[in-house]
Ligand SMILES: C[S@@+](CC[C@H](N)C(=O)[O-])C[C@H]1O[C@@H](n2cnc3c(N)ncnc32)[C@H](O)[C@@H]1O
């Protein structure tokens, strides 16, 4: 791999004697990673059922290396949202921001959702995830990933940070800024990033990063934590951005992130000498099995420091616990809901008497027949350009309710009474995912007519509707397997 000359010279200055090992790393093969969705499955169970060659990523609780020929993006478990494919180092920022269920969390530069999906999983459906991206097209990919992951309590927006920082002033408990950057750490994985690199790119990115991090600082509550990350090496975009924040906001301090032997310290010598910058983390590809990354964990003074270590463990176990949970039909709570008309209630009742999931009906909003389950803790958000507020449950059509794809993805098998469960080895699973009709006359069927939750090895994939013994395929056309 031929590195741009200006980049190589800069790295020689930064790395000194280590440069040779760094350069040799570009001839090593890249690593492939997947991160388990602990909202749906525990890591223990995933290891048991996944037909891949998995090796634990030592610094990520729910991360694994896989082999290229495993092709996990083709497997039905991928369509069931059991994991996200992600470069191993890129899993680090979300893993080092301590997130507890019930908190208000912002991912300010979130698309396509590699980190937002992990933050959402750690919230376990409680609290609020606001995920933003300035790019409308990239925000669409974010929406899909959040939906596949089955995260119910999100508010997905498409805004310039400066347009939302007044409205959300001191609102969030935790904020992730995975900043747009010059991408120097990704040259091995994505050679096209290297082609787009130029000598002045780091300085241009740093200007944007400084603006973004100040807006983020404003939106964090005192006592909250902010994690800043990039996938680049240049000090202008890393330690110097953190020093800029510390210079402009005396109420911020660096705190050490949960460590790992392979992590390297931040480099005060590249940003004016503040020794505190050693608390930043650099991931060097010649020292670890992953690409280049930088992260800094910051605390906003004013309240007790919350490390959230307990929550991290319970989030990983939760997939397992949820599978064993049994509750009363969701329609029970519908009767007392003041925000829903009598007619709509009657239609919803028919469907939701088979749903065994806790629904707070006071948080259900019906807009032009579209039924949404909006997160609490958000308040009035008129004027914010959003793609999705909460979980889209489905549509009211005259006398019937049509459940949505995103609703299926947010359910566990035990949450819906009528399921058709296939083993992943059954050829009908990929037929279903391709949108084809499948025959089910050999299967035990609980109800001969109506909605069936289609599952693979116990994990929901989408809906089907039985009509005269035929299963109508209701898998979302835009998500079909090709
Ligand atoms: C490094 S990527 C984020 C990757 C994402 N966190 C993930 O893990 O999938 C940076 C993102 O920042 C967005 N972006 C660029 N400028 C921005 C700005 N001023 N405010 C918010 N987002 C911005 C880009 O569209 C891009 O999606």
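Positions of Cβ are set from backbone N, Cα and C atoms, glycine also.
Record check, TrEMBL: S-adenosyl-L-methionine site residues include 109, 110, 111, 112, 113, 114, 115, 133, and the candidate from 70, 173, 178 also listed there is 178. Close to the recorded S-adenosyl-L-methionine site, the chain also has 107, 116, 131, 138, 142: residues not among 109, 110, 111, 112, 113, 114, 115, 133, 178 whose Cβ is within 8 Å of the site's Cβ mean position.
For residue 231 (active site, nucleophile), the same-chain residues 6+ apart in sequence whose C-beta sits under 8 angstroms from its C-beta are 89, 90, 181, 183, 184, 185, 186, 291, 292, 293, 294.
Long-range neighbours of residue 113 (S-adenosyl-L-methionine binding site) (same chain, six or more residues apart, CB within less than 8 Å of its CB): 84, 131, 141, 142, 145, 146, 149.
Cβ neighbours of residue 111 (S-adenosyl-L-methionine binding site) (same chain, under 8 Å, six or more residues apart in sequence): 133, 135, 138, 139, 141, 142.
DSSP assigns residue 178 (S-adenosyl-L-methionine binding site) to a strand in the three-state reduction.
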